[in-house]
Every structure is written in structure tokens, then in C-alpha cells.
Amino acid sequence: MEKKNRLILALDVTDRENALRIANEVSDYVDSIKVGYPLVLGEGLSIVKELVEIAPVIADFKVADIPNTDRLICEHVFNAGAAGIITHGFTGRDSLDSCVKVANEFGTDVYVVTEMSHPGGVEFFRPVAEDIASMAVEAGASGVVAPATRPERVKDIRKIIGEELSIISPGVGAQGGSAADVIRAGADWVIVGRSIYNSDSPAEAAKKICDEMNC
């Protein structure tokens with residue numbers, strides 16, 4: 001993913017018309033659009049094929065299954081045109097290897113969750129986040145997901161992965177994270193959803209976040 005604006009839109013709306021409208025409005029300010037279950041369950045994977053005409057798409061399915069099932073999920077996502085997928089790492093190295101193998105075949109990216117951004121994200125992830133980050137490096141993943149709500153954790157993860165992997169960081173805006181703070185902590189991109197798509201002017205909201213990061 002080309003680092004231009006350092007902003008990823010989390011497009012967690014549920015209908016096609018709204019999704020395409022917002023995506024088009026913010027296209028000048030985002031490097032990628034992240035879609036998850038709310039939109040894909042509502043509109044099907046075909047929405048990915050439409051969104052990739054606007055910006056690269058990351059499928060946030062937090063893939064977490066046995067290797068064969070993970071492989072099938074990744075193949076469907078990448079065949080739909082997604083440029084990347086988000087997976088969990090707690091299912092182990094063989095499951096992650098399966099995702100990375102498919103991504104390598106398609107020339108796409110895998111981002112591994114190290115620690116989630118909501119308060120409950122520390123309950124079980126905190127003790128294993130560093131191990132997951134190390135595994136992501138060893139498996140050849142493209143990057144990791146680390147919380148903008150806890151910039152100190154982004155610093156910790158960056159120390160482990162070095163400059164080999166990218167960090168994409170959710171939790172800016174509605175969850176309380178600061179885009180500028182987490183970029184300073186070592187994130188490559190921030191992921192922002194509600195603060196943009198619930199705004200009266202998504203483009204202005206996206207521009208404001210970009211300005212905060214001086215991008």
C-alpha cells in the first residue's frame with residue numbers, strides 16, 4: 001500500500017449506496033478503504049469489486065480458523081479484488097502461514113491483529129501481543145494491527161517488528177485515539193471510521209485528520 005495520506009477509512013456502513021457515496025467523497029484523502037462484515041454481509045463481496053474502482057480495499061474479516069478454511073476465505077477475498085486482509089494470529093502459525101501463502105500468490109497483503117483498540121482488547125491480547133507480532137514477522141506478513149487508543153503499545157510493537165512490517169492503527173476518533181499521537185508512536189497508517197462516515201461532511205472530516213498528521 002502506497003503511503004500517501006496515511007489514512008484508511010473504516011467503511012462500517014451497511015448499504016451499497018451510502019458506502020459508494022462516502023468512498024467517493026473521501027477518495028482524495030484516503031490510501032485505502034477497510035470493509036468488514038457489516039457491509040459485506042449486507043451487500044455481498046460484490047461491493048469490494050465496486051470499491052476497488054475508488055481505492056484499494058482491505059478486507060477486515062479478522063480471519064481466525066483452521067488453515068484450510070483460512071485459505072478459502074483469503075482466496076474469495078482476493079478474487080474479489082481486495083488488496084489486503086486482516087487476520088488474527090492467535091490461531092497459530094499454520095493458520096497464518098496459510099493466509100500469507102495465498103496473499104503471496106495474489107501479490108496482496110496480510111495484516112495480523114496484535115492487540116485490539118477497545119477496552120476489552122487488553123484482557124486476553126496483552127500477554128500475547130508481542131508473541132503475535134514476532135510471529136507475523138517470521139511468517140512474512142505485510143503488517144500488523146495495533147491500537148491507536150494505546151500509543152505506548154504501538155511503540156512496543158514497533159520495537160519488535162522493526163521496519164520490516166507496517167503498522168495500521170484503529171481507534172482514532174470515536175474510540176478516543178489521536179492520529180498525530182499514534183503516528184508519532186510508530187504507526188504507518190491510522191484507521192478511522194465513525195468520525196468520518198457519520199460526519200455531515202465526510203471529506204472535511206477526512207481532510208481534518210490528514211491535516212492533523214501533516215500529510
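The backbone N, Cα and C atoms fix where each Cβ goes, and this holds for glycine too.
As recorded in Swiss-Prot, the features of this protein are as follows:
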type	residues	note
ACT_SITE	Lys62	active site, proton donor
BINDING	Asp12, Lys34, 60-69, Ser117, 170-180, 193-194	substrate binding site
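A gap of 21 Å separates the Cα atoms of Gly177 (substrate binding site) and Lys62 (active site, proton donor). Spacing of Gly193 (substrate binding site) relative to Lys62 (active site, proton donor) is 17 Å (Cα to Cα, whole number). Same-chain residues at least 6 positions away in sequence with a Cβ under 8 Å from that of Gly173 (substrate binding site) are, in sequence order, Val192, Gly193, Arg194, Ser195, Ile196, Ile209. The most densely surrounded of the binding-site residues Asp12, Ile66 is Asp12 (count of other Cβ atoms within 10 A of its Cβ). A 10 Å cutoff on Cβ-Cβ distances gives Gly177 (substrate binding site) a total of 23 other Cβ atoms nearby, all chains included. Note: the CA-CA distance between Ser117 (substrate binding site) and Lys62 (active site, proton donor) rounds to 14 Å.
Using a 10 Å Cβ-Cβ cutoff, Ser117 (substrate binding site) registers 22 neighbours.
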